[in-house]
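These notes are about the structure you will find just below.
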Amino acid sequence: MRTLWQHCHAATMAQGSYSIIEDAAIVSSAGLIEWIGPRGELPTLEIDRTVDLNGAWVTPGLIDCHTHAVFGGNRSGEFEQRLQGVSYAEIAAQGGGIASTVRATRAASEDALFASARQRVQALMRDGVTAIEIKSGYGLDLANERKMLRVVRRLAEELPVAVRATCLAAHALPPEYAGRADDYIAHICDEMLPALAEEGLVDAVDAFCEHLAFSPDQVERVFIKARELGLPVKLHAEQLSSLHGSSLAARYQALSADHLEFMTEDDAIAMAKAGTVAVLLPGAFYFLRETQLPPMDALRRHGVRIALASDLNPGTSPGLSLRLMLNMGCTLFRMTPEEALAGVTLHAAMALGLGASHGSLEPGKAADFVAWRIERPADLAYWLGGDLPKRIVRMGHEISN
Ligand code: NIG
Ligand code: FE
């Protein structure tokens, strides 16, 4: 089935810039983009179906490359505490924070986790998201990490969205390993990762490198095991302090290093050399009322690719709109709307290892795109969330939203 989509303008995001085609035509077939260009140059092809997009702006489907969308409970009580002046780190030290979501996630059934995550992923999809990464990391033992990752796989089966599953067993120290972080890391490397990888539940491995989580040495042991298992790595790095986790991630050719507010220029140089994407998370920056900005100039100067994501999670970023993150990337981090859009399309695809197949409108890539009823591409970063009129196409088929 070959479909022609016409009467539209396209921001193709090829090479990470708008690369605008006015009065564009797109031909999709077998779930892929077969041809895209100015309508006047459309080659002679046998077309089965023509769709009139009524002057819409077409962009690649949005990609949320960093979420913790599967979790039990929520932490609005901690939000209230933080508003009264208690810090994220203090709450964590008192047994709240990630540990409280671990308790709620362990207590929840797989079906209950699926039902709540499904709603959150659907909220993101209504905002034009056609691909998403979801991390484990609230189970912290084999059975519960497996439960979370099975939910992630099930979301991919039941929703029209591409899903990448990341194992974040090294997110926090589970209570049964209190005072024995090295033993927990050994357990991750010797038992959890091999088993979960063997079951086909893991596409990438992540860790949280921070004083209140794991040291660079401990993270490196997880990376060595991931490499042995043939899995790419990512890292939560430099969110609250500078431990040079992002340089470590670059040494292991990480797909991405994420957060990065406290990274240094040398970290940026290392990431640029390795092709490691910088995933910025303005929702967490905003929600924790942080003040240290990621070093945008250094990232740009050294040519590090910059992605933006929701970091959807119950503690630091209960964000259900990726477009809101576009706005925050611009207002809080001083990104341009064009950089922000590249950050949720091509660069987000690269942060997931999907750069060859997703993230821009180019022949041979997935026919995942959104036709927005907007006046210009910058409108996507301009509105503060809300429901923009749009048509969403995944693998060449329109999905309802
Ligand atoms: O990306 N930084 C660590 N992990 C999450 C927060 C998880 C939580 O607080 O539940 C983040 O911000
Ligand atoms: Fe995160």
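For all residues, glycine too, the Cβ spot is worked out from N, Cα and C.
Unlike curated records, TrEMBL annotations are generated automatically.
Annotated features in TrEMBL:
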- H66, H68, H236, D311: Fe(3+) binding site (BINDING)
- H66, H68, H236, D311: Zn(2+) binding site (BINDING)
- R75, Y138, H171, Q239, T316: 4-imidazolone-5-propanoate binding site (BINDING)
- Y138, N313, G315: N-formimidoyl-L-glutamate binding site (BINDING)
- 57-372: domain 'Amidohydrolase-related' (DOMAIN)
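Features per TrEMBL, on structure.
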residue	record	contacts (Cβ under 8 Å, 6+ apart)
H66	Fe(3+) binding site	E133, K135, S256, D258, V279, L281, A309, S310, D311, A351
H68	Fe(3+) binding site	I134, K135, G137, Y138, L168, D311, L312, N313, P314
R75	4-imidazolone-5-propanoate binding site	G96, G97, S100, T101, P314, G315
H236	Fe(3+) binding site	D206, A207, F208, C209, E210, A213, G245, D258, H259
Q239	4-imidazolone-5-propanoate binding site	E210, H259, L260, E261, F262, A284
T316	4-imidazolone-5-propanoate binding site	Y88, G283, A284, F287, L288
Original post:
Those binding-site residues, R75, Y138, H171, Q239, D311, T316: which ones have a Cβ sitting under 6 Å from ligand 2?
Top reply: D311
Subject >> binding-site residues near ligand 1 among H66, R75, Y138 (Cβ under 6 Å) >> reply: none
**OP:** Specify all same-chain residues, apart from the site residues Y138, N313, G315, whose Cβ lies within 8 angstroms of the center of the Cβ atoms of the N-formimidoyl-L-glutamate site, ordered by sequence.
**Re:** H68, F71, R75, I98, T101, G137, P314, T316
**OP:** Taking the residues Y138, N313, G315, which the record names as binding N-formimidoyl-L-glutamate, find the longest CA to CA distance and state it in Å to the nearest whole number.
**Re:** 11
Original post:
Max Cα-Cα distance in Å among R75, Y138, H171, Q239, T316, the residues listed as binding 4-imidazolone-5-propanoate?
Top reply: 20
**OP:** Other than H66, H68, H236, D311, which residues of the same chain sit close to Zn(2+)? List them in sequence order, counting a residue when its Cβ is within 8 Å of the Cβ centroid of the site.
**Re:** T67, K135, D258, H259, L281, A284, A309, L312, N313, S317
Original post:
If you run the three-state DSSP split on N313 (N-formimidoyl-L-glutamate binding site), which class comes out?
Top reply: strand
Original post:
Taking the domain 'Amidohydrolase-related' (57-372) alone, what is its mean pLDDT?
Top reply: 97
